[in-house]
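Just below is one structure, and these are the notes that go with it.
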There are 2 protein chains.
Amino acid sequence: MYHNLRGFKYLYRKQEKNRGRITIAKSNSDEVNPPEFKPLDDGVSPRAPCKVIFPFLSSPPFSVLGVDMRIADNKKVHNTGRFKNSNLIVRRNKEFIIDIRFNRPFNKMQDNVEVEFLIGGSPNENRGTYIIVSFGKDIGEMIWKCRVLNTQGNDVTVGITPDPSCIVGRFRTFVAVVSGLGKQRTPKNPDTDVYVLFNAWDPADQVYLSKESDRQEYVLNDVGVIYNGEFNNMSSRPWNYGQFEEGVLDACLLVLDAGKVPLVYRGNATEVVRQGSALMNSQDDDGVLVGNWSGDYSIGTSPTAWTGSTEILLKYAREGGVPVCFAQCWGFAGVLNTFLRCLGIPARVITNYCSAHDNTGNLKTDIMLDEDGKVNKSRTRDSVWNYHCWNEVYMTRPDLPQKFSGWQVVDCTPQETSDGLYRCGPTSVSAIKDGELSYPFDAKFVFAELNSDVIYHQIDKYGKTKILHVDTAYVGKLIVTKRINSNQYEDITSNYKYPEGSKSDKQSMQMAESRGVPLRDYEPPAEAGVDIQLQADTVKMGEDFKLTMYIKNQSSKRCTIDATITGSVVFYTGVTSTTIKQETRKATVEAWKTEKLLIDIRATEYMPHLVEQSNLLFVVKGSIEETGASLTTMRVVTLRTPELTIRVSGSPRVGKAFTVIVEFRNPYNFALENVQFRLDSPGLIKTKFKSYKEILPGGVMQYTESITPLNPGKRVLIAGLDCARLRQPSPHPPE
Amino acid sequence: MYHNLRGFKYLYRKQEKNRGRITIAKSNSDEVNPPEFKPLDDGVSPRAPCKVIFPFLSSPPFSVLGVDMRIADNKKVHNTGRFKNSNLIVRRNKEFIIDIRFNRPFNKMQDNVEVEFLIGGSPNENRGTYIIVSFGKDIGEMIWKCRVLNTQGNDVTVGITPDPSCIVGRFRTFVAVVSGLGKQRTPKNPDTDVYVLFNAWDPADQVYLSKESDRQEYVLNDVGVIYNGEFNNMSSRPWNYGQFEEGVLDACLLVLDAGKVPLVYRGNATEVVRQGSALMNSQDDDGVLVGNWSGDYSIGTSPTAWTGSTEILLKYAREGGVPVCFAQCWGFAGVLNTFLRCLGIPARVITNYCSAHDNTGNLKTDIMLDEDGKVNKSRTRDSVWNYHCWNEVYMTRPDLPQKFSGWQVVDCTPQETSDGLYRCGPTSVSAIKDGELSYPFDAKFVFAELNSDVIYHQIDKYGKTKILHVDTAYVGKLIVTKRINSNQYEDITSNYKYPEGSKSDKQSMQMAESRGVPLRDYEPPAEAGVDIQLQADTVKMGEDFKLTMYIKNQSSKRCTIDATITGSVVFYTGVTSTTIKQETRKATVEAWKTEKLLIDIRATEYMPHLVEQSNLLFVVKGSIEETGASLTTMRVVTLRTPELTIRVSGSPRVGKAFTVIVEFRNPYNFALENVQFRLDSPGLIKTKFKSYKEILPGGVMQYTESITPLNPGKRVLIAGLDCARLRQPSPHPPE
């Protein structure tokens, strides 16, 4: 009967009727407005708008001639002056002032005036989508506040205060005069639309921040730094958040509409943050960015090429909600940060170094080594990301016990589905620290990213496994964010973790266990009495370097070590690629002494095999001849790509052109082809592109741009370079 | 550039590659098996299966000739004997016994044997999708237990015990002999596949129930009763859960596969229950049933026509995961109950009378009345369902503090999205009772269904509203479920609620407020001193009846009451349809007295307007002349449709035919057209259908079926009737 299944599916979709059910509004851009004139006896009149003539009135009825939203003044006091948007933008629970001009003086003993704010396609007072405030003779109950501040001639100045938990979005404004005949409204006018945002300045708002310096950074700063690299060799990437750029606020509201987030939830910061984390990735819901870790970015923009969020959000909006290609974690975190700051939610980007990606939430990251010391790719299913970026938002959590308010983790990189969709959080940072993992959302997943144990297993020739070594300190090594009013990082590890091995740390692990995290049920092998470590200095891509292996004998007996060092290329996600080197070493270490072995790594060994982001993983698998005890460790080495330099000639002044020079030297002995530069500066220019077909070995590219600032203020220049060969030098292995 | 957006979308979907990422298995029906022979040095050999010849061996190598799963014996002790399924079905953490026949006697000092259980397309030991147990010389670590129970000749009897939290589903079984050359496995054989289920008999299982009588009802009973109607005039509907019927277990696993539930989550009852609640409805994920409250069921089966779950689940499976049309709440709850009991999770169907459907979770159900007393349909956005069915499951909640284990609410009727998908729960019943609403999942929504206040508002001619009356006791009146070993109901209201107004009730409400439920911030009007109530006896559809209004004067002064009684047709969801009656009454009531007014309702008034399930809503809006105080109440009257009778001739015995007579009389003065009967009995017959083109007024239909029982045991016969005219007598209003 149903041969054409696809057709049938559409058919039943259409048939999902709800005559006995109620539907709810899910779009800010839908619009249903009340009629300009609504007679009193509404029950029996036709519902269509109608013009009414008043033939029996001797003088024209009291009516509204105009409304002035006083945009510039209001924006100044609402901290929204930097938005490149011609409409009024206000924050919740703070009064804004409008002027209404009537056709005669307003008489408060006689006249009834209502100001209405409507959002979405089915405005309803019980849902917060239809707000009515009134002044004059007959004042009803009001959720938003309203007061007359001044009357002068035919003009009335009115102060209106949105309630502290009202819906965030774009409201349409109407002014209505209510008489014995009915309501006469002003016609629809998009110029009087008002955007309402979260208010970090107001103690009654869910996102209140008490310090002005925090608000300046976490709500108003439109540039930032995202940290990457590895924990003891950090790199960083500037990022243009650009939340005030033209079109960005509308794009953020479009994201919510595209994600069908019910309007009634949009006053709840917890809900907006959770939905935001789902909607920044394209999975499930055609969100903003398509994740891609394949190395092949030919049909879109490489994840490493972006310099900021503006270009991404505007492209998404311009194309009507088609996901933008491509991103990896920092891109996701950067765009989510823009979305949050734009709507007024305090937010920052976090980097967690050595972030476990635990597929099952069992707090174990299993690294399976073959007998020869190589990582067994088919049996190693967990990975430790060299770094992983997520966001924090600052808010109270009225749904949770009070102590869990404050910074919350939110992560939009599509790692795991959380409760069916790709998203993660918000989850309280302090709850993570204390192992209180029962509370929503996704506390267990974040806890595992920070606290998993790395377990090295050996697989024998029969396929049987045994545990070689357990490293409880490898994961969640360092957690950082940009410092306020600085480009340096701030170490916030202690927000997330008690010191390894401390009493509080143990209590936190116990609490986590009582909340369903599986016990550490494996038997760690006896302590070997010998500790091994790998180290390397900063390494430039394309150069030879030395890896140092320290062997620390912490016992009272001399020992002899056999060790195999295996080097492989690794994605930043911790998944290994080609093996580039394997070397066996033997060393004898006296009691209480430390030996140092140097391993030479040549550029010719690793250059042909690199994947993007240029990381090498070295694993040591060794044993002590005297006792047979196992020794294992691993270390990621990040290869630095050549840097861009930006210089500015002259001191920039408003209305006066200055010159920016972006310079790059190709340090390699091969030519770089199809090199694209981006130059970006929020508030100053839109992203500028420049392409070069080829930069020869040793060649220098110098790109000059002339810029004329139109507004005063501190500005940041961000330049980026994208070149497939620097991401993945050939020969690229076929797939 | 991207003109063809649809094409582009598919393109980028294809491009979402994960070379640097790890993917996880989400289907039980996918299959990847190890090769029959795996040589030792696996690292360098090709991965394809290969046959190896052993030219240098003087005698054939030790090998497996056959495996006997001892299906009947094992099923008996595992309480799975009633499943109509030819494979072995066991429960977790209970030993099952298999016989392995070798080509020579087994030597435990020399031989190595492994039994492997695999599930899904990427079996992995660290994920619980590849289980290895071994016996003989070289025993590795094992998660499932294994012991040799007996050896006799070439046969070895082995006992195997799945671990108490293992994945639930269908595993493939292999027996492998491990020698110095490699592993030699038995070939793939679907007859040795084994289903593993949750185990309510075992204290270590998450779903353990301590009483045998509970397990008999909540896991093993395959028929039940679902209550409906209204709280003081309850009806019921028998339901064939049929969890043991042929194909049902496979259909339940298909539901999990179709919903892409990762295999690693399928040992976690919390996760299986939550996913189950999302997957029973077609929304989001093409789940089992399409919800339809429209009255138009022409392209499918009417929600009222089903007699059980079997037909629905088998149709869903047969058509490869195409949602089945149509269901309302009891159908959803019935099918979810089958799914849960089938997988071994204790479950029961609950009915909550006067169940609030609160769109915003603000604990208020706003009923907006026009000045004339009619419910204002466009401004009333909340509704109270006459009854609503959900499920409870019994399990520990290792993710929550211990006190929240026990019965959990789970609801698969698509009411509201929970965290992005249509689903609800599991949420702890005891947490709901105590107002502990922070814990997952969806506690707030369930709390509102049970505890919302009904607020009657009056809308004046200007559109302004005022509160007439607040009823804190209307919602969540009575919560019932089928009693164990009986068809009577059990009142379980006290599991969910403290007595209205008690100290514990107040504490619970306070706790709920501190967990983010909004305060009751409205001003209830002063007590009127007069109480009104509506009552009606059992009413048969098609007959005239009387409604009684009691006016109880609880003051020391005589009072005069003006009251408007409005009757309208109402869906069981509480949404009102046509107004059928409006009558104004005046009454004078002496101090401390009660007056009784009778209102006549004639069949000719309501019959032309009925919608399915035949409910009428009467709303009284009155006032006291002396004080101006408002009085409001409402009452749903359920109209009973004519009943079917079932008679059995002779006493049924195995192997002997008996006769079932289903009888129906048309009591109306109009003919019933296209009447369909269903006769159902789990374990006895598959659903049988019989159609009649017409049953004349007063006509009697008698339908006879001859049945021969094949197995002993108590059986239940369920008959159902479906006729569009009984759901919605014409003239049906056009839409």
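Numbers here mean position along the shown chain, with the first residue as 1.
Just so it is clear, glycine is given a Cβ too, placed from its N, Cα and C backbone atoms.
Unlike curated entries, TrEMBL annotations are predicted automatically.
Listed in sequence order, B:TRP385, B:HIS388, B:CYS389, B:TRP390, B:THR413 are the same-chain residues six or more apart from B:CYS329 (active site) with CB atoms under 8 A from its CB. Sequence annotations record features per position, and here TrEMBL assigns active site to B:CYS329 (among others).
Annotated active site per TrEMBL: B:HIS388 (among others), in sequence order.
Feature annotation from TrEMBL assigns active site to B:ASP411 (among others). Secondary structure at B:ASP411 (active site), taken from DSSP and collapsed to helix, strand or coil, is coil. Sequence-distant neighbours of B:ASP411 (active site) (same chain, six or more apart, CB under 8 Å from its CB) are B:SER277, B:ALA333, B:TRP390, B:ASN391, B:ARG423, B:CYS424, B:GLY425, B:VAL446, listed in sequence order.
Per TrEMBL, domain 'Transglutaminase-like' is recorded for B:321-414.
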_Suppose you look only at the domain 'Transglutaminase-like' (B:321-414); what would the mean pLDDT be?_
90
*asked:* Which secondary structure state does DSSP assign to B:CYS329 (active site), in the simple three-class scheme?
replied: helix
